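Visitor: I have a structure I would like to understand better, so I am pasting it below and will then ask my questions one at a time.
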Amino acid sequence: MRIGFIGAGNMAGAIVRGGIASGRLRAEDILLVSGPDPSAQALAADTGARVAGSSADLVADSDVVVLAVKPQVVPTVLAEIHGAVAQWNPLVISVAAGLSTFRLESLLPAGTRVVRTMPNIAAMVGQAMTALAPGASATREDLATASTLMGSVGATTELDESLFSTFTAISGSSPAFVLTFIEALARAGVLGGIPKAQAVEIVTQVVAGSAAILQAEAAADGTHRTPADLIDTICSPAGTTVAGVMAMERAGFSDAIVRGAEAAATRDRELGA
Ligand SMILES: NC(=O)C1=CN([C@@H]2O[C@H](COP(=O)(O)OP(=O)(O)OC[C@H]3O[C@@H](n4cnc5c(N)ncnc54)[C@H](O)[C@@H]3O)[C@@H](O)[C@H]2O)C=CC1
Ligand SMILES: O=C(O)[C@@H]1CCC=N1
């Protein structure tokens, strides 16, 4: 299957690099364009993928076209490739925030098969979480194709499109939230005297370990303890952890996270408006 990426920035780069590193994408099957910007050339030089002469040329040479430009640029790109899509009828997969399948379909030839997805930057290490929703003309096979592509860089889940703004907040954007937490906790380590690099290494292992506990719980039969249950196993009565958790909540920790996610979801809806 030949896969063309329109846009070769952070997200396309993460999928291309992650997919090739996992052995599930072949560089020779990947075509790139990035408009006047040299990012496609740089990504191609780095990975062995090829660069197409134009977005329309890329469509002519691809079974699947991935829209990996900023949402604001998508209408321009779709105008550029409208004729080529009408001629070659590729499956169009969008990773763009905010833009509904209805909106994408309205900018493409009637009957174009569209799948909307929302991956995240952890694709670069094969650990993405990607939601998928089919457009009106996409078949089960198209959804399976999109799921296989995104599955090459992490986990996938089919999601009702009405939930995409919320998903974007808690998955597409949230690596930045988690990294903000890591940065803050590492800084607390520095405040206590631990060198920064060592503090980041320590906190990174803590976050990976905490996620691994939840993954093991999800995989185990029966118990399936929640994050709240597990917090209770760490909080000794009158101990250090409950003192820390209570101080964080007094400072509005959970509320700040929910507000952050709500703001991200609101922005996703604005981008689609
Ligand atoms: N960065 C992230 O963590 C995530 C991004 N996304 C979505 O991925 C999409 C791309 O985002 P990023 O990769 O972060 O942006 P980026 O700015 O890193 O990359 C955008 C790419 O589009 C290219 N481009 C600009 N105009 C073009 C045109 N007319 N024709 C062809 N290429 C053109 C740029 O040269 C660049 O290669 C966005 O729609 C975003 O919502 C989705 C999930 C996560
Ligand atoms: O910030 C953004 O708009 C994109 C979508 C999800 C992650 N980055």
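Including glycine, each Cβ sits where the backbone N, Cα and C put it.
Straight out of TrEMBL:
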DOMAIN    2-98  domain 'Pyrroline-5-carboxylate reductase catalytic N-terminal'
BINDING   I6, G7, A8, G9, N10, M11, A68, V69, K70, P71  NADP(+) binding site
DOMAIN    161-271  domain 'Pyrroline-5-carboxylate reductase dimerisation'
Visitor: Quick one: DSSP breakdown of the domain 'Pyrroline-5-carboxylate reductase dimerisation' (161-271) into helix, strand and coil?
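Guide: Counting residues per DSSP class in the domain 'Pyrroline-5-carboxylate reductase dimerisation' (161-271), I get 92 helix, 0 strand, 19 coil.
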Visitor: Would you mind pulling the longest C-alpha to C-alpha span across I6, G7, A8, G9, N10, M11, A68, V69, K70, P71, which the record has binding NADP(+), in angstrom?
Guide: 14
Visitor: Other than its own, how many Cβ atoms are within 10 Å of the Cβ belonging to K70 (NADP(+) binding site)?
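Guide: Summing over all protein chains shown, K70 (NADP(+) binding site) has 13 other Cβ atoms within 10 Å.
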Visitor: Across all the protein chains here, work out how many other Cβ atoms are within 10 Å of the Cβ of A68 (NADP(+) binding site).
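Guide: For A68 (NADP(+) binding site), the count of other Cβ atoms within 10 Å is 27.
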Visitor: At a 10 A cut-off on CB-CB distances, which of the binding-site residues I6, N10 has the highest count?
Guide: I6
Visitor: Once the DSSP letters are reduced so that anything not helix or strand counts as coil, what is A68 (NADP(+) binding site)?
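Guide: In the DSSP reduction, A68 (NADP(+) binding site) maps to coil.
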Visitor: Sequence gap of 6 or more, C-beta under 8 Å: which same-chain residues meet both conditions with respect to A8 (NADP(+) binding site)?
Guide: V16, L32, V33, S34, D37, S39, A40, A42, L43, A44, A68
